[in-house]
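Asks: Below is the structure I would like to discuss, written out as structure tokens.
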């Protein structure tokens, strides 16, 4: 491993597909980068990832490890790994940035790439978190194919803070779920006021089943596979579903957007400008789930490479300006 430079071209916060792809782009053009890896990933409950050519239905853990191995073997002269989280990030004195890791060590970089991902806000329903990623799916592009031919699927309307949005999602996911299951039930979790909502009545008219009863808990059969999830209702009744669909709200992982004063989108993601995904603060880029609404591995890879390219172009511009002053 080469000696760490006193100042890196980029400090990459996050070692998921976005951060690793950004590092790869930087390594290809001989830029130095430090990658901060907490080892915590949103898709940890999932055994497989999808829609990634040559890696479809394979382990996300194996994918990340292969990326890290490739970077270590081919680009160890410029790409450095720090197996620690980041405590803070701030602007330095000379148009650079300073990261303090969780061990108290400081790192300096010309640019920053946020690839921190997001955290899912789990609804306050007993058993939901345990079933998440196993029988409750937020994305049917990611998980639907493996459920094809199912007898039933349930759509959950749970988040009291965004109920109207949850109904819109249920309408969209309901029709999408029909591509994988024969019977669809919409669970309103006690929100009987939506029984008269034109969107719900429209689903009912099209053959969807509507269950307005409050949900007490969710359980699932771990064995044998394929099993089913059971929605337990407060009146004591139960409904078995081949799988459940719900997209919870997400929050940015870490306080770094706030520390840097970055603008956010209405959805709470970091606001960026294509094609290089620079944020509202010059020299700070964002990639992956924290920066795009479509939170999938392929998007993380794409935006990571774009952000890495953006860092190179800005560094190149500064290097050219410095050389011109010497001539």
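Cβ atoms are placed via backbone N, Cα and C, with glycine included.
According to Swiss-Prot, the protein carries these features:
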{"type": "BINDING", "residues": "15-18, 37-42, 50, 115, 289, 296-297", "note": "FAD binding site"}
{"type": "DISULFID", "residues": "139-142", "note": "disulfide bond"}
Asks: Using only C-alpha positions, which one of 15, 17, 39, 297 is spatially nearest residue 139 (disulfide bond)? These are the binding-site residues in the record.
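Replies: Nearest listed residue in space: 297.
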Asks: Here's one to test understanding: among the binding-site residues 17, 37, 39, whose C-alpha is closest in space to the C-alpha of residue 142 (disulfide bond)?
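Replies: Of all the candidates listed, 17 is nearest in space.
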Asks: Tell me, how many other CB atoms lie within 10 A of the CB of residue 17 (FAD binding site), whichever protein chain they belong to?
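Replies: Result for residue 17 (FAD binding site): 30 neighbouring Cβ atoms inside 10 Å.
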Asks: Just going by other Cβ atoms within 10 Å, which of the binding-site residues 37, 289 has the emptiest spot?
Replies: 37
Asks: What same-chain residues, at least 6 away in sequence, bring their CB to under 8 Å of the CB of residue 15 (FAD binding site)?
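Replies: Spatial neighbours, sequence-distant, of residue 15 (FAD binding site): 35, 36, 37, 38, 39, 64, 68, 81, 115.
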Asks: So how many other Cβ atoms are close to residue 139 (disulfide bond), meaning within 10 Å of its Cβ?
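Replies: Excluding its own Cβ, residue 139 (disulfide bond) sees 16 Cβ atoms within 10 Å.
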Asks: Using a Cβ cut-off under 8 Å and a sequence separation of 6 or more, which residues in the same chain sit near residue 41 (FAD binding site)?
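Replies: The list for residue 41 (FAD binding site) reads 16, 60, 64, 117, given in order along the sequence.
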Asks: What are the sequence-distant neighbours of residue 50 (FAD binding site), meaning same chain, six or more residues apart, C-beta distance under 8 angstroms?
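Replies: Residues satisfying the criterion: 56, 57, 141, 142, 143, 145.
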Asks: Does anything in the same chain, at least 6 positions from residue 297 (FAD binding site), have a Cβ under 8 Å from its Cβ, and if so what?
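Replies: Residue 297 (FAD binding site) has long-range Cβ partners 17, 49, 51, 52, 55, 60, 63.
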